[in-house]
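Worksheet: one structure, shown below.
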């Protein structure tokens, strides 16, 4: 069926993702991207040139067989498309929503050289969502015979879930230990409902538990149990306990009432449902004016959340310009559509206070861009005399996190770098035999998909390690 | 799920709950806490582990039901269960044999003090325990603390039990008497009480430890909500504490941040019929 000539394929224009209208969605937490229709997905799949060198696959941190699943989709064989996708990626419905495809698979797409790349992310989401709604039509995954080996996975976020999915399909017994009361890690506490509905996480997790993965919540490795204890009971351990303590701004006024670290702001709303469900027992401070400091995806998530909590002026305050922002293009676009203000080339000097100790706003200074710094981005330089006040009743610090110290504090044999991140080789191997690590605890703050890539590689390395035992 | 083994009413609003949590019971050290969440949709509440029995796999929590969430937790009878109990969290208390130690507890802070007194007594310290409250109804754990203490002193603001006044009264007398002056002081209670104790011991240079109760969500250092200023540096009570050198704590800052949700809490308490103001572990 998928037998078009290249010329016919080239003639098809890239699909546009249907979205909730900006004025409607900026008042609720419903998912912004609505997903492609069957026709849209089919047409988009036919745009893929099926090139031999598979550049897109090389751009994917988990190596999804992209041309193959797209070909199955274009051939109207969704069960096969789903099977290919799920075979390579434990969380396709998540990746189809939150991956930065524009800098990964889609950036390598040949069609992008002279026009627009194939919308690989949208297609991934379409196939994954179809699979969720048609469990009866999926090809049953045949698990190999049980190996009798047990692997402990620390952390139920993207790296841990991916590793668990790979390991259980290899026939190993897998137990995930999660510190919080619910699954998903950053997918649940960090990423807002309007980008990744919790229902998607629930379903992806359910697919893993159906395969036999055991998830134990409320277990903090490093506190409830130590790595050494896990090492005694399990044949291998994969540590993916995620990001840690927020990096403070170290400016005056940072502890005023109404100043949040991004993780607290997002956790209150995402995990604890503050402001999202009237019956939630967790409060959140709201304001007509909210300033979010930072330029990454977390900052975008915070500012768009603030808008939905009722802020009339929801602002991104960033010391470089929009071109240097690490946030995904789509997040920036969506934020702007929803009325978020971008206060660029602006650095906060202090949080100012009202008489009774609440946030009054940010004392800011204008910046200009100088030559590139160590990060390769142009360095912001303060402009003397450019100080000004930005009124805000809530300030959110979204500049990043440091390494999580809880696990490593009780694992003295684990080699850390100078920032406290676990040192691991390209396969995730740490300084302790049988203990592997990946995701933010190794990388510092990174993305969901890089964490997933770590989980996948570590699972392969654990397989090799267990064979040798 | 974590089964409730027993639930006893010790005093008005004060419950002693024994919970089955074998891993926490095994790992727990004095000074540490758990995060309890009764059911989906409920808050995560930090509660000091009052005691633990590693053999039986149980932990004991002393819970003063003064907020909407704690009221619901203590309403769980023996045979019921708590959805989530995570821990042990925080650093363990530094226990040494100082010789003479004063342990000062205010209100429900006395419940937090109890495991410290037990550990300090176990290390051979001679302990004067001073506990206080607004009236006799707020004096808790006196029977449990008495056998661990060389002396147990009680103060109430209205004079309904013990001497009339604040816990700082008897402490001041101790400090003034070289025969009785302690080598270390542990104080847990409302922020103004802990601040007052810190100011009393500061001129004497006596090592003073307080256990702080800032607003907390995850308890694992992730959210940064529990940040406190200690000697001018930002610390996270859940990971770096909850106990700190009282002479370095910014009590005014702590007090101010604790009031962040007073309006919301008042509304919620009004809805649930609870009249008391402050929630603390």
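From the backbone N, Cα and C atoms, a Cβ is placed for every residue, glycine too.
Features reported for this protein in TrEMBL:
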type    : residues            : note
BINDING : B:223, B:226, B:238 : [2Fe-2S] cluster binding site
Binding-site residues (B:223, B:226, B:238) in Cβ proximity to chain A, threshold under 8 Å: B:223
What number of additional C-beta atoms lies within 10 angstroms of the C-beta atom of residue B:223 ([2Fe-2S] cluster binding site)? 27
Would you mind checking how many other C-beta atoms are within 10 angstroms of the C-beta on residue B:226 ([2Fe-2S] cluster binding site)? 27
Ordered by sequence, the long-range same-chain Cβ contacts of residue B:238 ([2Fe-2S] cluster binding site) under 8 Å (at least 6 apart) are B:46, B:89, B:90, B:216, B:218, B:219, B:220, B:221, B:226
